[in-house]
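TrEMBL annotations:
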| type | residues | note |
| --- | --- | --- |
| TRANSMEM | 7-26 | transmembrane segment |
| DOMAIN | 69-258 | domain 'ABC transmembrane type-1' |
| TRANSMEM | 71-96 | transmembrane segment |
| TRANSMEM | 103-128 | transmembrane segment |
| TRANSMEM | 134-151 | transmembrane segment |
| TRANSMEM | 190-215 | transmembrane segment |
| TRANSMEM | 235-258 | transmembrane segment |
| DOMAIN | 295-544 | domain 'ABC transporter' |
Ligand SMILES: Nc1ncnc2c1ncn2[C@@H]1O[C@H](COP(=O)(O)OP(=O)(O)OP(=O)(O)O)[C@@H](O)[C@H]1O
């Protein structure tokens, strides 16, 4: 930490500390009174008696600077705290609630920001009177719009992180998410801005004092001292230079500390979409039969209305899943895998429109309100995300994060939750789980972090575990361990697993059933062994050929799927895969192929690959 912050940071902290202490303890220090006109010649330079000399009236400059710091720093700290107190809640409200609250707060804020600040301050102080209280209030109010903007921005960015989505998936309430997940993370950028804000306020107060519009004489303030010394510039330059240098160093230090703190909070973006729970299902639902299975998705659709047109990210996906089985959802990036999962969980970006039905043990989840979904997310549906670093809150210990769902959902006490957390961490293969409780996510390796998120997802004993690309962010050697662990846990907990992946070699080994997605639609589905042994749709074949296999020689070149995934706003007519398909004929460009039964599974293709030429690889490398 020390090396990352740099020596400049510590020097700046030291300087601020010295000035602050001197201001606080001024009455205890062996100083002359700041307003005491001393015997002897005025305007003398530094001497033993007066280390920084005396001013035009023969008063001790050191004493006036120290007492001046009380006003300058007092206004700086006070105005920043007051601005923060008003601006931060508004910023959090705008960033988290969005929609109407955001629109109103930001519209007022933009108007406030358009005001010329110093002119406004001058006018108010000139009108209301130049006193410490008035200057502090005016500078605090002027700082509020900047606070609102900063806190809103930070809230927006953290509200989109996976650990917030993870908290939602665990059914955590909004207020708790705000306090436990978002506020601690917004605190760091806010602290950084507080220092920069203090620098701004110290300069602003100095400017007002320079114009004679701050605290009145004889109480010293740095800006006032500079103003008083102006006329002595030629005869006694120290009277103006010393307070100028002190003010310069203080402002520089505040900026430096603020800037280094900001650099510390510069964590990488998750790239996730903002998450909002969707309650309504405005799209019509096709006729279907509710089955007696654990999880049933019926004609699930997720559409986005964008300025470019309608994006059908998920377009009519249906499946059923039984306890003790693993369903793999595979497809290239952008094929709609994650949106399908989020639709099922009812956690979609605010701009999404959801259609279709999802049943858990025959109960319609799409009919539930977000509040009602909370009792399902966590206890019945668990989720593991792609990147364990963004799925865990960086400022909270592993212990707090693992025990939270246990306390919220299972109502366990502190001690019981801790004991259960230790048991859970041990069950996912974490060595020394007791010590692990006190650690922070950044102290763990990627594989260990993913084990922690798996432990959290399992904490309330879910019926279905969703694992969205759970190994993509991990080292190849760790990937297999994590998948093996998921498989073992599925057996132990007798749950169902939905495994999302773009890597067919991953799912070939661990899935019972597979759904292949392309442009939001299912293009091939069936028992995994069957689909991998005899893929009929050219896209599935291409995916299989693009997947690395353990048996490949070292310099084996993978065959890329030709062309690019389609633009979902402007899908080609007929089969969406046609422009990239080597076997396409006229009919493929005219009619979209339906899912048909054949060779033990379903595929959507007018000219499926003959069974003999289908690639008999993939599942063969399986060896659980
Ligand atoms: N907020 C949004 N507005 C418009 N389109 C969106 C939005 N979010 C996602 N999409 C589109 O939905 C499609 C499906 O996205 P999704 O994240 O489900 O893909 P994926 O198959 O999970 O890909 P990946 O493996 O990269 O995560 C993408 O093409 C994406 O462009």
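Here the Cβ of each residue, glycine as well, is placed from N, Cα and C on the backbone.
By number of Cβ pairs under 8 Å, the transmembrane segment (7-26) is matched best by 235-258 from the list 71-96, 103-128, 134-151, 190-215, 235-258. When Cβ distances are compared across the two stretches, the transmembrane segment (134-151) makes contact with the transmembrane segment (71-96), since 3 or more pairs at least 6 residues apart fall below 8 angstroms. Below 8 angstroms of C-beta separation, residues 90-91, 93-94, 134-135, 138-139, 142, 144-146, 148-149, 152, 204, 207-208, 211, 213-214 of the same chain, each at least six residues beyond the ends of the transmembrane segment (103-128), sit close to that stretch. For the transmembrane segment (71-96), the list of distant contacts is 19-20, 23, 102, 105-106, 109, 132, 135-137, 139-156, 159, 174, 178, 182-183, 186, 190, 194, 197-199, 201-202, 205-206, 209, 214-215, 219-223, 247, 250, 254: same-chain residues at least six beyond its ends, Cβ to Cβ under 8 Å. If you average pLDDT over the domain 'ABC transporter' (295-544) in this model, you get 88.
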